[in-house]
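Annotated in TrEMBL:
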DOMAIN    13-136  domain 'MARVEL'
DOMAIN    129-274  domain 'MARVEL'
TRANSMEM  20-36  transmembrane segment
TRANSMEM  48-67  transmembrane segment
TRANSMEM  87-113  transmembrane segment
TRANSMEM  125-151  transmembrane segment
TRANSMEM  163-188  transmembrane segment
TRANSMEM  200-223  transmembrane segment
TRANSMEM  249-268  transmembrane segment
Amino acid sequence: MDSQGGPYLNIRALCSPLGAARLCQLAMGCAVIAMVTHNAGFSGSHGVFCMAAWCFCFAMTVVVFFLDATRLHSCLPVSWDNLTVTCAAFATLINFRIAVTACSILGAVAYGAEVALCRARPGQAVVGYMATVSGLLKVVQGFVACIIFGALANGSEYSRYAATIFCVVVYAFCFALTAVVVVMTVCGRTKAVRCLPFDRFVVVCTLLEVLLYLSASVVWPVFCFDAKYGTPWRPASCPQGRCPWDSKLVVAVFSFVNFALYAADLVYSQRIRFGSSRNPRV
């Protein structure tokens, strides 16, 4: 028994829908890692990425489950609700990207279930920003930005023009700004930023990101696919998998995707009014 007369262990960490989702995550993660290392094997950069993602998600779930079950998360200087829903949303995206086996698909579903269980519902008092639609969109925006960075690094020839370099700066700046918002939220630093309340600070940042992504979504296709600067159609001699034109197309498509995500984020962030809390529920 603890000092308040309750049990030392958090029974809700086991006997609740959220606890069941995390137990499923552990089971599926363990099964995937065991099968891959025992028989299936992995090779190449994609195989290493998948294995690293599975191990990261499994280790993250073990830590979250242990801290929640023992209530030790109350000793951490972070917002527990924001941290767990951010990790679950990130793991959902990673597993969905590599869902090539039944266990990986089930693992992605389990992480998605945790996000759904933790997400703020209409009419509820909003304490954790990351549990809102706007907060979850921040995770997706960061994930899409990582896809853009991967394409840029894959021979995209972005350094040919100052305009395309500007686009890269936009992608990097918006990713950094999104990461700052997420880190501030997870660390519970949401009372105010200078003279701005945190929710207003988020709206200002999101509006800036929308405008920057709008400019990049226009500039990048022009300087990559207009006949004056680039190639409108894929060259026949371009090697499969290592074609700069393909990388430019990926960047263009996901620029529009992230622009849409930031625009949706701006709409939802108008409705958010929440109080900050560094003390998680127990």
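Backbone N, Cα and C atoms are what each Cβ position is placed from, and that goes for glycine too.
All TrEMBL annotations are machine predictions without curation.
Assigned with DSSP, the residues of the domain 'MARVEL' (129-274) fall into helix, strand and coil as follows: 106 helix, 4 strand, 36 coil. The predicted model assigns the domain 'MARVEL' (13-136) a mean pLDDT of 71.
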